[in-house]
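Following: one structure in structure tokens, then a few remarks.
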Amino acid sequence: MAYQLSDQTLSDLKILKLPKHVAIIMDGNGRYAERLNKPRSFGHKAGALNLTNVCRIMDAMGISYLTVYAFSTENWQRPLSEVTQLFALVSQFFDQYIDEICELGVRLRFIGEIGELPLSLQKTVKRATELTHDNNKLQLIIALNYGARQEIAKAACKFALDCELQPDLLKLKAKDLEAKFASYLWTCDLPDPDLVIRTAGELRLSNFLLWQLAYAELYSTDCLWPEFGEKEILSAIVAYNQRTRKFGGLAKS
């Protein structure tokens, strides 16, 4: 079922410029659970459930792309029991909500070292990608077993190999060289994020989309991810509209 935005939000959106691509570092599941005297797994389940809600809100607002940071390459350092629970939760999430995702017209895409995930989860990712491939509304990009430094390093290796075969690549002008290198990234066919949101009050990027966020507007909220909703999304978009995006140039007079 499509999400119904509040009258106030609908009114505000009429005068706001929407970011085309929003990226979110979903943080605060553990603190949410701790506040309620629940195990961390409770917070992760609440966070997964809220992702469906946020997708519905973003789609209703008219956002075209949403990228979320679900599991980083550094998250393997967490206790094995928690990592196992997280992977099981991802599989359960898609098993439970794939029909709703398809009904909303959301297309699912994944970036990261998917081939290093448990085989059962790889199959889940493949199935979710295939089932939603032809959907044409919000694109939800899930960063799973993702690390930006790893992404850039792998892209550099592939680029270096191609340069051996095509030495003229190194003669490209700076702007063309940059575009060529970007074509080796996992996000090569996606626009760069305009706005990146981090929940739970943290102020770091945590190895997330380091190349792609070069000119993104950064926004942090104290709201914990399981409680992040329409009001908080609108506040982020309002803040985005208060920024002057110069991309290294001068502000337009």
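Note: Cβ is positioned from N, Cα and C throughout, glycine not excepted.
Residues annotated as Mg(2+) binding site in TrEMBL: ASP27, GLU217. Around the Cβ of GLU217 (Mg(2+) binding site), a 10 Å sphere holds 19 further Cβ atoms from the protein chains shown.
Cβ contacts within 10 Å of ASP27 (Mg(2+) binding site), excluding its own Cβ and spanning all protein chains shown: 23. Annotation comment: TrEMBL describes ASP27 as active site.
Summarising the annotation, TrEMBL assigns substrate binding site to 28-31, ARG40, HIS44, 72-74, TRP76, ARG78, ARG198, 204-206. Cβ-based neighbour count (10 Å, all protein chains) for ARG40 (substrate binding site) stands at 19.
According to DSSP, ASN75 (active site, proton acceptor) is assigned to a helical segment. Summarising the annotation, TrEMBL assigns active site, proton acceptor to ASN75.
It is SER72 that, of the recorded positions SER72, ASN75, SER206, has its Cβ surrounded by the most other Cβ atoms within 10 Å.
Counting only the Cα atoms, the space from GLY30 (substrate binding site) to GLU217 (Mg(2+) binding site) is about 26 angstrom.
For the pair formed by GLU217 (Mg(2+) binding site) and GLU74 (substrate binding site), distance between Cα atoms is given as 24 Å, rounded to the nearest Å. Counting only the Cα atoms, the space from SER72 (substrate binding site) to ASP27 (Mg(2+) binding site) is about 12 angstrom. Here the binding-site residues are GLY28, GLY30; the one with the fewest Cβ atoms within 10 Å of its Cβ is GLY30.
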